[in-house]
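Below: the structure, in structure tokens.
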Amino acid sequence: MPEMPEVETVRRTLLPLIKGKTIEKVVLWYPTIVATDHDEFLKELPGKKIIGIDRYAKYLLIRLSDNLTIVSHLRMEGKYHLTTEDAPKDKHDHVEFVFTDKTALRYNDVRKFGRMQLIITGTERQVTGIKKLGPEPNTSEFSQQYLIDNLKKKHKNIKNVLLDQTTVAGLGNIYVDETLWQSKIHPLSIANKIPAKKVAGLWENINQTIALAIEKRGTTVHSYLDANGEVGGYQEMLQVYGHVGEECPRCGNIFEKIKVSGRGTTFCPHCQVIYK
């Protein structure tokens, strides 16, 4: 699943491709992708101009004229690509926005898990899935003290807590494994048993890792591509994710893999301390 750095990279690469274009028509090849009323989606969008793209956590917010916004969640394998109206349709293209210049933005999704909805701009924090999200890394709301205080209330393993988007928004399996390894914290550690000093280090590692991953244009380990069809670069910097059975570069012990609430989790059993 694209995590926050990947979605931010999609936003940055998609914006110059479509900003200023006017929608002429919309085609729904697989209507289920649109979670709101299909007829309204098809009726309201023609004539609307793309004025910008924002992002919150893993959600793209495509801003339109007349105070409308398309909220788009890529889920597991959603992608956008710009083509022309007459270009052959890929079997996994499910939604098409045809512009007045006859270019077309297509949403492609092998798994068909992604969703879009049309809302009034400014109401995105009322959208199911967004309204309960916690703060993003590298924001004033995600302070060191916030994370320390939040973890004190959680008697769950730290991996689950960090994947819970109500604690911190935008993290997924890759960056949680990486930041826990950087912080020398075992993924099965109970959140409220981790010393405050270690939580402070975790907070710093989360912020630094997400910032660097955005700088490197995200991580491609499966199918992620940006809006230009290019892979990310952070996969070359992964220290633990995807390295099960290899030596830990810090201590030389062998990385192991376990399941934590159904999620594959790679860690070093020697230098990642378990707090219980």
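The backbone N, Cα and C atoms fix where each Cβ goes, and this holds for glycine too.
Quick look at what Swiss-Prot lists:
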ACT_SITE  Pro2  active site, schiff-base intermediate with DNA
ACT_SITE  Glu3  active site, proton donor
ACT_SITE  Lys58  active site, proton donor
BINDING   His92, Arg111, Lys154  DNA binding site
ZN_FING   239-273  zinc finger
ACT_SITE  Arg263  active site, proton donor
If you compare CA-to-CA distances from Arg111 (DNA binding site) to each of the active-site residues Pro2, Glu3, Lys58, Arg263, which comes out shortest?
Pro2
Between His92 (DNA binding site) and Pro2 (active site, schiff-base intermediate with DNA), what is the CA-CA distance rounded to a whole number of Å?
17
Can you tell me the three-state DSSP label for Arg263 (active site, proton donor)?
strand
Per DSSP, what is the helix/strand/coil residue tally across the zinc finger (239-273)?
0 helix, 13 strand, 22 coil
Just give me the nearest neighbour of the residue listed as 'active site, schiff-base intermediate with DNA' among the recorded positions Lys58, Lys154, Arg263, Cα to Cα.
Lys58
Please compute the mean pLDDT of the model over the zinc finger (239-273).
97
Of all the recorded positions here, Lys58, His92, Arg111, Lys154, Arg263, which one's CB has the most other CB atoms within 10 A?
Lys58
Length of the line joining the Cα atoms of Arg263 (active site, proton donor) and Lys154 (DNA binding site), in Å
19
Just checking a number: largest C-alpha distance across His92, Arg111, Lys154 for the DNA site, rounded to a whole Å.
41
Count the other Cβ atoms sitting within 10 Å of the Cβ of the residue listed as 'active site, schiff-base intermediate with DNA', across every protein chain shown.
29
What is the interatomic distance between the Cα atoms of Lys58 (active site, proton donor) and Glu3 (active site, proton donor), given in whole Å?
6
